[in-house]
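Listed in TrEMBL for this protein:
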type	residues	note
ACT_SITE	HIS184	active site
ACT_SITE	HIS242	active site
SITE	HIS246	site 'Important for catalytic activity'
TRANSMEM	17-36	transmembrane segment
TRANSMEM	56-73	transmembrane segment
TRANSMEM	93-112	transmembrane segment
TRANSMEM	186-206	transmembrane segment
TRANSMEM	218-241	transmembrane segment
TRANSMEM	248-266	transmembrane segment
Amino acid sequence: MERGPAVGAGLGARTQALLGCLVRVLLWVASALLYFGSEQTARLLGSPCLRRLYHAWLAAVVIFGPLLQFHVNPRTIFASHGNFFNIKFVNSAWGWTCTFLGGFVLLVVFLATRRVAVTARHLSRLVVGAAVWRGAGRAFLLIEDLTGSCFEPLPQGLLLHELPDRRSCLAAGHQWRGYTVSSHTFLLTFCCLLMAEEAAVFAKYLAHGLPAGAPLRLVFLLNVLLLGLWNFLLLCTVIYFHQYTHKVVGAAVGTFAWYLTYGSWYHQPWSPGSPGHGLFPRPHPSRKHN
């Protein structure tokens, strides 16, 4: 009768030991997957050839993606303006991009240089991106104002009013209709190009043997997942929303904004600098001895 508690204690100790062993195995598997996934993804994103193919992919999505509207279910959740992803992610795409990408740039630059000034300079690219987004949004509204007219919806159709601008038209309870560049297509295209450019630095970062612990690798993979989400939501946007030319123009403006910044200005010495600029030591040319 006195052996019962001892047997129970032994079973409890063995159970705890097994659970501890299982937890260690799961942590090892998770760590291995994290390191393997980050290494392989960084290698893919760091390939110049694959980045050019990615640019072609984005162009194909915007140009040919609307054709898929004839082959998809128009009643799916992604066809609604009020769907969860549209409200929580697309409408706040720049905020999500700044949060995830800002953390990645901060960690990569500071761990590589240990210099606050260099880190701030690289983070200023996100400030420029925010200015581009704000400026483009105001430009799109200006285009809509300059090309629009005021209409009053009636059972028989639309009645044109001679009100001069959007504000007075909306104040009268009417509708203002003009050429509306798709701001969502612009923003998602710009974010996709920007994130792919910034994330490509991680391959060179790993190749130089710089500190790359689990937190940094996790932040990198979270940015990759967000990039994948932006690609999916861009495809949904071009399939279900906006007119064709509005989407193409929005994507073209987003691509042009990326080219002006990442493709041109950031390579100048008086700019925030291109991703990876000044982070890695340059190899010294070997000297030949006679």
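Counting begins at 1 with the first residue displayed.
Here the Cβ of each residue, glycine as well, is placed from N, Cα and C on the backbone.
No curator has checked TrEMBL annotations; they are predicted automatically.
Overlay of TrEMBL feature records on the structure.
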| residue | record | Cβ within 10 Å |
| --- | --- | --- |
| HIS184 | active site | 21 |
| HIS242 | active site | 19 |
| HIS246 | site 'Important for catalytic activity' | 19 |
Name the range, of those listed as 93-112, 218-241, 248-266, that has the largest tally of Cβ pairs under 8 Å with the transmembrane segment (186-206). 248-266
Rounded to a whole angstrom, what is the C-alpha distance between HIS246 (site 'Important for catalytic activity') and HIS184 (active site)? 10
Measure from the CA atom of HIS242 (active site) to the CA atom of HIS184 (active site) and give the result in Å, rounded to a whole number. 9
